[in-house]
Every structure is written in structure tokens, then in C-alpha cells.
Amino acid sequence: MASGRAAAAVRGLRTLTAALALYTRAAPLLAALRLVIVLATGLAPVATAWLTAALIDDLTAQRTGRVGTLALLLAGVGGAAALSGYVTAFVEREIGRRVSLAAQERLFAAVSRQRGLARLEDPGFHDRLRLAQQVSGAGPAALAEAALGVVQALLIVGGFTASLLTLSPLVTVLVLASTAPALAAQLTLVRKRGAMVLDTAPNLRRQTFYTLLLMDLRAAKEIRLYGLGGYFRGRMLTELRTAQRGESRVDRATLLTDGSLSLLTTGIAAAALYGVALRIAHGHGTAGDLAVLVAALAGLQGALAGVLAQIAGAGQVFTVFTHYTAILDAPADLTGTDAPPPGLRDGIRFEHVWFRYSAAGDWVLRDIDLTIGAGRSLALVGLNGAGKSTLVKLLCRLYEPTRGRVTWDGVDIRSLDPDLLRARIGAVFQDFMCYDLSAYDNIALGGLDRAAADPGAVERAATRAGVHPELAGLPAGYDTMLSLVFQDSRTPRGVPAAGRFGGVSLSGGQWQRVALARALLRSDADVLVLDEPSSGLDAEAEAEIHQRLRELRSGRTSLLISHRLGTVRDADRIVVLDGGRITEAGDHASLLAADGTYARLFRLQADGYRAAGTPGAGPREGAAPPVTAGQQPQL
Ligand SMILES: Nc1ncnc2c1ncn2[C@@H]1O[C@H](COP(=O)(O)OP(=O)(O)OP(=O)(O)O)[C@@H](O)[C@H]1O
């Protein structure tokens, strides 16, 4: 228990140190200026109280010698305090901007350090990331400001405690003693609020998801067609209401606590005023003493309340900020030496690889033993959910095998740097990205260095993917934004586009070719991975692309996944996956001769074409043109 508290205290101290380090490093000079202002404004109220008392006493005793000086000093302190307010507002905002920049830079550098997918798929990590992202904007500066606020308030407390002690030690003790229960109550509230923030994080994450869905252009078609607007709005509001119920519970507890504490302080102040006023009335003390008492009581209670409010306010930020530091401290999920893998000479091997996405989940790959020889083409086929894409993700080291290993020329890829390994792979994933960027950018993302070094590389990749004519014909050519959300563009090369123009959207097949061009930009990649590279293409385009891919793949190591068996028939080796196991392997002819699953699926597809081609069975008027060899309907 005690060690748990000690560990929490150490964690707390580290969190606070991290926030202060961010604050001071992001703007060292401004932070120093802020500290000077804090010290000055911390001492100003006590100075004002004593100057006022001295002035009142001199005036009531009709001592005129230093009245002018005291009045000027009083005005000077007041003026400096007022000016410091404006300077503080500016300095706080300026530091806030710089700290926010530095904090976000560090947060997303830490996120990029997680180079696999498993951690990103963990909902707990996501909740933590969302909170960290929220707090990284204003959080570190708010924490540092709270710490400075506490310093300032403690200076005021010190000054007024000394002042009050000279007037009434009993009142001083009472006022100070009343802060103990207040502090305990505030700390309890801080803990409650911290727990509430974590409890409601999943609700708020789901609420954000529904909100984004309702605003998403890509989701808009289905939402309208299926009339889902009200349904998602309802779900969004349910999540928000649940989160708000948690907040409201803590707000009620806060009101109760703060209300009771304020009654306590009012009672103490009333008793102190009553006692001292009577004493002065009976000739013990001066009117100046009363002025100091009123200022000291108000100042001390105000400052103590300020300390507590700072603790309460900062407490919530503090709890959330622990998630920020946790993400920054999280070790990288994948390790490996920095030595780049050598160019592939022998091949890639899956050695008795077993894989499941979570310890509680089913096996997705079971005892996969597979070699992709260097310079050879391998095709993976199988029904939906057989594990084909998962195998590709293991090859790219987006996940690690649960058992067994994947080797690159005999070296376990776990010992290689994931980024350097991936740099040797060009891939089109089944769920490729459509970036709301220019056409040029959409392709250049496949190799930013290459695109920058070789101005013609993007267009050549687009030509090889068969999408150059379409992109060149766009309103601003390759500089056209492929987005309906962001409409005007600056070219990726930093040159303003000629005139402003609306963004455009491509067809599904055109997007697929842009994704292919992105992969082909890595023309020197050792391995080309194509997961359903032509599912969205029309028959003519597919034939053309596959002819190009055949040329590209020849002499290159490639892994092709396709449900259209006609497109894989010329692969050097075809592997059939079923339920995560390899059930058949061989070339097209041997698999047909074996008359297993591949032969059955191939015949099923071929029969579909024959049926469409027989008189009476089609083709229908307006149907797709007759397909050429290699064009098959999907499984
Ligand atoms: N990120 C994930 N987390 C948990 N399970 C997953 C994940 N991705 C895939 N799966 C599961 O793994 C199994 C294999 O999926 P995979 O995408 O590898 O199949 P596939 O053969 O590529 O299918 P398809 O032909 O439909 O693309 C499926 O049961 C799927 O539900």
C-alpha cells in the first residue's frame, strides 16, 4: 500500500517534471520572465496592504512627512500589478503556443516509434492516445502555469501569514488549520475527476467516431441510402449522455465540497473581524491595523483558496497528462539492428509460422511453411478469411509471428530494422489509402526521397500503372487535388498552382491504379506485394495491368493475391490457403492435374464465363465486353 503510494508519488513527480521541462525548454527566456512576474505579483498584495496601513495611520495621526511618497509607492505597486496582468496574458499565450508545438511533435514522434500494428489496435492504447492528444495542446503549459500559480499563492500566503500573526495568532492558526480539510477534500475530488476521465474515455472515443462518421463524405452514400443518420445520431448522443452523467456526478461532488468549504472560511473570517474590531474599539490597535487585518484575511483566504483551486484544476490536467508521458515512455514495439537488409539473394521463408491477432483469438495462420524464392513469383489464393492478407502483413513485419519465424535470406526479420525492411518492399494493400492530397502527392508518398531526387519518377510510375493519361488530363494535371474536402492546392514542390481549381474525385479503379503507381515508384524494391491489385478495374484495364505486372514481376520477387484465378495462372508457384493452412501448392498445370480446391475454383470461374458466352445465356445487351484470357469474375 505504502509502496504503491510511493510509486504513484514518483510517477506524479516525473509527470510534473516532464511538463516543466517542456515548458522551460520550449521558451526559456519567456519562462524566466514569467517567473519574475510570478515573484513580483506574489509580493505585491502584502506590500499594498502594508503601504495602505502606513498611509492610513499617517493620515489619521496627521503625520504628513511621507504621505506623498507612500501614495506614490502605492500607486506604483498598483500600476505594476495591472501591467503585469497584460504582460502575463501575452507571455502565457506565447509560451502556450510553443509548448503545444513541442508537445505535439514529441507525442507523434512517440506514436511513430510504434512501427507495428498490434499496439495501435489495442483499444486501451487508443483511449490513452486520445487523452494524450487532447492534453498535449494546452496541458503542459497549464500544468506549469498551475505550478507557478501555486508558487505565487504561497508567496502571498507567507506574506499575509506574517502580517496576520502580528495582529492575531489565534486567527492565523484557525485560517491555516482550515486549509487541511480543504486540501484533503480537493485531493479526493482530483482523484474522482481523474477516474471519471478514464472511465468516460471509451464513451467519448465512440462519440467522436459517430461524429466523424456523420461528417464523412465516404460514409455519406450508405448513411443516406440506408437512412442511418438518425441511428448514428442516436448512438452518438447516447455515448455523450453517458460521458456527461459521469462528469455531472463529479461536478455535484465539487459543488458540495466547495460550498461547505466556503461556509467554513466565511465563519472564520466573521469571527476574526468581530474580535479584532472590538479590540480596536477598546483602544487596542489602530485603524491601520484593521485595514491590514481585512487585507490579510481576504488575501490569505483568497490565496489559500487559489492554491486549492490550482491544485484542483491542475489535478485533472495532471491525471490526463500521465497518459501523455506514458505514451512518450512506451518502449518501441519492434526492435532490430540498424543494418539494412542485404538485397534479396536466396528468398523469403515462412518457417512453421503460427499467428493469431490476440492471445484469446483463433489461429489465423497455422504452421505455414513457405518459401518465396528470390526472383520468383508466388500467388496466394483462397476463400475470404483464409489468411492471405495476414501473411502479407507478417512479411512486412506489421505483426510478429506468434510462433515460428519469417526469414530474409536466412536472417530472422525480427532482427532487421522494420523501416529498412519495408523500404525493400513495394506493396498495394487490399485496403489501400486514398489521400486527400494532389495526384502527384498521392503517388510520391510511395518514395518521397525518390520523387524529390527524380522529377520524372512520379509520372513514370503512373504510366506503368496505366493511370498517366487520366492524371495528366485533370484540371491542373498532377497538381489537382484528389479530394472534395480540400479544394485548392499548392503543388508538392512548393510552387503555387496556376489559379485555383476545385478538387476532383477519381473512380474506384482509377484510385486503385494510383495506389499501384505509389507501389511502383519503388522501382528498385526487392519484393513486390500485390494484394488484389486489380479488383476494381474494368476488364480492359485489368488485362492491360496484368500484362504490365507480368512484365514488372518477371525476374523480380513478387507475391500476388487475387480471387481472379486467371490472373495468377502464370505465377511460378501458386499456394492455396484454407483456414490458415497451406492445402495445395504447385504451378497452374500441376494444381489443375491434382484436381483439388484450386482446380474446383478455377473451373467454377471458367464455367461462369462459358455460361455467359453460350447462346441464350448472354451476354446481355449492355453487359461488359467479352473478356480476354486472364479475365475472370471474382470468387
Ligand atoms: N486486425 C485484425 N484483428 C483481428 N482479426 C483479424 C484482423 N485482420 C484480420 N483478422 C481476421 O483474420 C482472418 C484472416 O483475415 P485475412 O484478411 O488475412 O484474410 P484474407 O484471406 O486476406 O481474406 P479476403 O480474401 O477476404 O481478403 C479473418 O478471420 C479476419 O477476421
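Keep in mind that glycine also has a Cβ here, set from the backbone N, Cα and C atoms.
Annotation comment: TrEMBL describes 35-316 as domain 'ABC transmembrane type-1'.
Beyond its flanks by at least six residues, the transmembrane segment (36-56) meets 66-67, 70-71, 73-74, 77-78, 80-81, 84, 87-88, 91, 148-149, 151-156, 159-160, 162-163, 286-289, 291-292, 295-296, 299, 303 of its own chain at Cβ-Cβ distances under 8 Å. Look at TrEMBL and you will find 36-56 (among others) tagged as transmembrane segment.
Here TrEMBL flags 68-91 (among others) as transmembrane segment.
Positions annotated as transmembrane segment by TrEMBL: 164-184 (among others).
Residues annotated as transmembrane segment in TrEMBL: 259-278 (among others). Long-range Cβ contacts of the transmembrane segment (259-278) within its own chain (Cβ-Cβ under 8 Å, at least 6 residues beyond either end) map to 167-168, 171, 174-175, 178, 181-182, 185, 285, 289-290, 293-294, 297-298, 301, 305, 308.
Counting same-chain residues at least six beyond the ends of the transmembrane segment (290-312), those with a Cβ under 8 angstroms from any Cβ of the stretch are 45-46, 48-50, 52-53, 56, 146, 149-150, 153-154, 156-157, 159-161, 163-164, 167-168, 171, 175-176, 179, 182-183, 186-187, 189-190, 254, 261, 265, 268-269, 272-273, 276-277, 280. What TrEMBL lists as transmembrane segment is 290-312 (among others).
Residues or ranges marked as domain 'ABC transporter' by TrEMBL: 348-604.
What TrEMBL lists as region 'Disordered' is 612-635.
For 612-626, the entry in TrEMBL reads compositional bias 'Low complexity'.
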Distant-in-sequence neighbours of the transmembrane segment (68-91), which means Cβ under 8 A and at least six residues beyond its ends:
30, 33-34, 37, 40-41, 44, 47-48, 51-52, 54-55, 58
Restricted to the domain 'ABC transporter' (348-604), the mean pLDDT of the model is 86
